[in-house]
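Asker: Under the heading transmembrane segment, TrEMBL lists 15-33. According to TrEMBL, the feature domain 'NADP-dependent oxidoreductase' maps to 29-256. Annotation comment: TrEMBL describes Lys52 as site 'Lowers pKa of active site Tyr'. The substrate binding site annotation in TrEMBL covers His85.
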Amino acid sequence: MYSFPPSQCKSRAPAFIQILISIIYFIQIGLALKKLFEEGVVKREDLFITSKLWNDHHAPEDVPEALNESLNDLQLDYLDLYLIHWPVRVKKGTNNNPENFVTPDLPATWGAMEKLHDAGKARAIGVSNFSSKKLGDLLAVARVPPAVDQVECHPCWQQTKLHNFCQSAGVHLSAYSPLGSPGTTWMNGNVLKEPVIISISEKLGKTPAQVALRWNIQMGHSVLPKSTNQERIKQNLDVHDWSFPDDVLAKFSEIKEARLLRGNFAVNPQSVYKTHEELWDGEI
């Protein structure tokens, strides 16, 4: 989860193409957005704002409540994209302790998401952390197909199977932690130290971060990097007017892959997922 002090939220908001919002700092972001709109710094239609449905609001009657609370905190009328955060459900108002897990009913939750889309409160709806199988199962019953599957994706976890499935199904793959989230406590990895990426960056005169981001973009994915450094934000945006030649792109296949965010919280005897293999349907 990314969080910034309120002062940084206000000063950096114009630099964001997409704003992924965590409930912990919704209100601060809402105040920042209100100020930016009022001062004419940015227009609502120029921002693409995404939020997620948390695990304790999967019951169909709780889905609109969760979105309305987010909209109120953000002082917005609609979201551009609303995602089911995990294919995991816990009792309403509880945390992710094992005793709180209940069996998810993803088709029912999705039906409630579709109604939010119908009402215009979520202009697009999608999922996050869904395997190819779970995404396929949902597509089989969905009236409004998921527009996006937002997952961990970077050169050290390339999601080849999911990438191919999303392309065939017309679902956009969006990459969170495209740099491996160095410096965080919840992911143990740093894509920027991968020797292949460093070698490519030196050959092309780019930063390792630019190389990692460009790989995702060249694969057709959107990326959600995080930085509080203005210079790094500028560098992260400078990934669109160049590309990897075929011989360089082939080098990424030499990287030894490993999933960094394994979803340990969701795997326990009380969960519907007893193993990581069940959570990710073998994509681990």
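Quick reminder: no glycine exception, Cβ is built from N, Cα and C everywhere.
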Asker: What residue among the recorded positions Lys52, His85 has the most other CB atoms lying within 10 A of its CB?
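Answerer: It comes out as Lys52.
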Asker: Expressed to the nearest Å, what is the distance separating Lys52 (site 'Lowers pKa of active site Tyr') and His85 (substrate binding site) at their Cα atoms?
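Answerer: Given the Cα positions, Lys52 (site 'Lowers pKa of active site Tyr') is 5 Å from His85 (substrate binding site).
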Asker: Tell me, by DSSP, whether His85 (substrate binding site) is helix, strand or coil?
Answerer: coil
